[in-house]
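Note sheet for the following structure.
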Amino acid sequence: MIRLDGVGQVFDGREGQVTALEKIDLHVRGGEFVTLIGRSGCGKSTLLRLIAGLLPPTSGAVQVAGQPVTGPRRDVSFMFQRPALLPWRSVLSNVMLPVEIDKGQGDRGKAAYRDRARQLLELVGLQGFERRLPHELSGGMQQRVSLCRSLIRDPQVMLMDEPFSALDALTRTELSEELQRIKMELSTTIVFVTHSIEEAVLLADRVVVLTPRPGRMREVVDIDIPRPRSLGQNAHLTEVAAISGRLHALLAEKESGEPGVPGEVRPVDEVRP
Amino acid sequence: MTTRRRMPKRTWLTDSPVAAVVLPIIGLAAAIGLWWGATVAFSIQPYLLPSPWDVVVKFFEQPGYLLQETGTSLLETIEGFLLAIVIGVPIALVIVRSVILERLAYPLLLMVNSIPKVAIAPLLVIWMGFGQWPKVVMVLLMCFFPIVISTAQGMKSTPTELVELMRSLNASRAQEFFKLRLRYAMPQIFTGFKVAISLAVIGSVISEFVGATKGLGYVIQQSGASADTTLAFAAITLLSVMSIVLFYALVLLEHWLLPWAQEKR
Ligand SMILES: Nc1ncnc2c1ncn2[C@@H]1O[C@H](COP(=O)(O)OP(=O)(O)O)[C@@H](O)[C@H]1O
Ligand SMILES: [Mg+2]
């Protein structure tokens, strides 16, 4: 569904060039849930924006559904760290925004979409809040609205950039479980950025570990724990612990001063003054 | 959330809509009381400082005449203010679209704004005669700057995350403009309107000092010539009332049009 071949991204920063991503080769299968994990600044958001078509890569090729990405696609939705709701629109009208912007191209009538919006709001426990304004909702509720908005056009691909990281732990767990349910129901392909190991293990079929400066793929870890998974009471505690430990080691590696993998000598041109 | 800020205490006096009406009235009444007290305590001559009562009596000596003059000033004020919106908002919208245009236009705007308006009142009469046009143009000149600046400021305040959202939805430039940027700028545009409306009233008075035969500014000028301080005070009071009414009309309009903006303080 998503294919990245030799993708790299170099930014012209104020103090010379910054290599945000380098040599990213990744293939995400249809219906797969992939989480990207890494320290902040290692290029996770940049990678998502490349897939979303919000940013053209400086090298390599990005494909979605077999087509090269040239701009935002209507079957790909993006969810941000913050809810990004329009403050003057009611909850329902915020959820309907993608349909409204895409008018003329919708494959169902507006009324059908409105029913779908109500259905989605109910799914995330927001029935009865359709006419409220965003500022009347808590942060967690706002992020649920944002989730509904990204689902309204039945996307084939959902790109989620740390969508739950600004929420309290309890709400985050709830939303993670809801997202799993939605994923199992709709078989959407999801790329989910996080810096929480717990979240990565709970949600992912595969975890891609990125290393910072330049952002490279450190390792891809498969997670074969059966779904639905939940935090807390879990029949597979030992597996969860093993995988979490492994991810932790991978993320911490650079810091603990372990020698790099042989052959990973950094080229001279990357050493910044 | 990292900085500790002391929250203002929220009570009935800060939150209730009744208090929102009653408190300003109490403030005004206190000021008038002080004024009255001063005129009585120091037995000030009415031709120096009339008491509030003198002013009220003066108004009722010729209410029809004074109200008619108020109407004249009010009309000029509103016409000039609306004209400033019609011209100023589009100019601001064009300016913010390009950095080059903005750099070209700002010094010019600043220059026009820094001209003392009283100085050009006679010129406006020379150019446009004694009718209402020089008055309307004066009001326009007074209002123009705050409206342009606040609109431009508002148009530049769109959060990047919302812009990115619109991009990710493949919104056209027109959609991004109308569905996001302009809507987001509305509270700031209204702030500009509220600043401008008070200046508009001042503008109408200034213009009526020169080459006018009508309006509250003319009344004030005439009363100066005949040392009728009480009449001047009656006209000034009417001007204040007009200013306050226009300002609160805008506040109400804002509440009605932008209910979402109230909680953003
Ligand atoms: N538009 C940009 N211009 C310049 N540098 C950028 C830009 N976007 C991101 N970067 C840089 O690229 C690197 C990766 O950023 P980002 O993808 O946001 O990381 P993450 O999401 O993993 O925290 C950072 O060093 C950041 O400073
Ligand atoms: Mg990021």
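Numbers here mean position along the shown chain, with the first residue as 1.
Placement of Cβ uses the backbone N, Cα and C atoms for every residue, glycine included.
Pulled from TrEMBL, these are the features on record:
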TRANSMEM  B:21-44  transmembrane segment
DOMAIN    B:70-254  domain 'ABC transmembrane type-1'
TRANSMEM  B:81-101  transmembrane segment
TRANSMEM  B:108-130  transmembrane segment
TRANSMEM  B:136-155  transmembrane segment
TRANSMEM  B:189-211  transmembrane segment
TRANSMEM  B:231-258  transmembrane segment
At a threshold of under 8 Å on Cβ distances, which of B:21-44, B:81-101, B:108-130, B:189-211, B:231-258 pairs most often with the transmembrane segment (B:136-155)?
B:189-211
Which of B:21-44, B:108-130, B:189-211, B:231-258 has the most Cβ pairs closer than 8 Å to the transmembrane segment (B:81-101)?
B:189-211
Residue list, the transmembrane segment (B:108-130) vs rest of chain: Cβ under 8 Å, 6 or more residues beyond ends.
137-138, 141-142, 144-145, 148-149, 203, 206-207, 209-213
